[in-house]
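**Q** The structure under discussion is supplied below as structure tokens; questions concerning it will follow.
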């Protein structure tokens with residue numbers, strides 16, 4: 001007779017034994033990542049790929065699935081094991097047959113930081129009495145040490161006083177040290193991370209992970225501190241005061257946005273030269289001083305002008321070489337019989353329809369030369385000696401008002417005794433100003449004995465001041481252009497004159513080859529293209545374009561001559577200019593200043609007469 005037995009409940013059924021390969025997922029990795037149903041026949045073979053992977057011609061893999069949760073044995077025994085600890089779960093599966101015998105967990109498996117943060121702060125010491133329990137987390141870089149602490153081999157920390165760190169509430173959250181086994185010589189540490197890691201320790205943990213030693217220094221340098229030793233929170237606007245010798249256990253910076261890079265002085269510093277007057281303000285290409293807010297010195301301004309003149313000279317030389325080459329080629333390749341005026345002017349001026357128009361580059365170069373010369377003339381005077389007139393005059397006036405009757409050849413004892421008899425209270429303790437005045441009077445007396453100037457005495461009165469002013473004025477000379485300035489200005493000046501001469505020579509030759517009435521012909525090419533006056537274009541008025549070019553060129557030449565007034569009068573500039581004109585075969589005026597513009601002005605006048 002068959003007896004009916006009571007059905008066993010699910011909790012009383014023994015758990016099924018697991019194989020060494022652990023449980024396997026039904027869906028493959030590719031279908032799980034795409035969230036698709038895996039059409040895989042497990043009845044045929046466990047190693048056969050699914051239909052989707054076979055169709056995509058990819059390798060079908062199934063990752064191992066580790067059981068998550070507590071085993072019935074652990075629930076029955078009541079052991080405090082966290083449900084998210086894979087190490088403990090795997091250990092419980094391996095010891096399912098003998099749940100009371102717990103072997104030490106192996107650290108060969110892979111652990112994640114998430115599982116470490118979810119671990120309890122203190123391990124259970126059940127069945128672990130008399131021995132040290134190892135931490136399931138095998139890394140040490142999750143500990144957030146303070147900047148002044150060092151981890152010793154005995155588990156203690158050394159460094160600056162930690163204040164409230166001694167009670168275990170500081171940045172060193174894990175219990176260091178614990179207990180030491182009596183039968184072993186090595187020390188084991190429980191370095192379990194805390195349950196809640198502060199947000200401020202994330203950069204420090206990253207620094208420990210990557211080995212970056214400069215992170216702590218950057219964090220400390222970004223904290224604004226007050227005079228009382230407190231740390232100011234830039235986000236909350238609060239100041240925490242700490243007693244002397246005690247380091248706060250609070251996080252250094254409690255907000256992630258507080259780690260923004262500080263503003264540098266390079267962005268906010270003023271542009272050098274902005275404080276110059278409006279009349280003599282240099283352009284943006286002038287050199288800047290290394291110190292922010294300082295005005296460039298006259299020497300730097302002059303060097304910048306010379307550099308710009310050198311660049312302009314190189315550009316003008318290229319333009320001059322181009323126009324001379326075109327003029328020579330046009331003259332030799334074509335004869336006046338088969339050469340039209342339009343073709344001649346077009347080839348000589350290198351294409352008036354392009355940006356390389358010789359007329360446009362001539363006027364543009366003249367404008368740049370005028371701008372640089374105006375700035376060059378506005379440079380302040382440079383003294384030829386380090387002793388300036390105001391300082392010397394002030395020292396001489398102070399020495400004259402001192403009223404000392406000391407002979408130059410007397411000794412100091414006689415001098416001080418004389419001052420004491422006259423009741424001068426400064427004889428006992430002479431000030432540095434008095435000593436400077438005395439040295440200045442000695443210098444003046446030495447110059448008088450040497451025949452370089454009259455000696456200064458107390459009886460000269462007002463004449464001493466005028467003598468001092470005259471002597472001091474010899475230290476400052478009138479500004480004269482130096483040799484580099486003269487050479488670079490002369491180079492630009494001669495190139496411009498040669499370009500003007502070549503352009504108007506070509507225009508004159510074109511007008512000579514034109515019909516008798518040049519005002520009615522249309523064979524003259526454009527010299528001033530796309531010029532209009534409120535919609536009135538000059539396309540059909542070729543001679544009017546030449547007249548406008550004559551007026552503009554005359555104005556530019558007059559402006560250049562006026563700006564070079566002081567430089568043209570220099571003897572060295574005149575000598576070099578006359579030498580160049582002799583080499584070119586130009587006529588030189590015997591009297592007066594030589595400007596070199598006479599040949600260009602004659603050409604302009606002849607062209608203007610032909611258009612009249």
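Each residue, glycine too, has its Cβ placed from N, Cα and C.
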**Q** Match it up for me: which of 411-430, 431-450, 451-470 does Swiss-Prot list as region 'Disordered'?
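**A** In Swiss-Prot, residues 451-470 carry the label region 'Disordered'.
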**Q** Among 73-130, 305-362, indicate the range for which Swiss-Prot gives the feature region 'Disordered'.
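**A** Based on what Swiss-Prot states, region 'Disordered' spans 73-130.
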**Q** Mean pLDDT for the DNA-binding region (28-60), as a whole number?
**A** 81
**Q** Of the residues in the DNA-binding region (28-60), how many are helix, strand and coil by DSSP?
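**A** Grouping H, G, I as helix and E, B as strand yields 12 helix, 0 strand, 21 coil.
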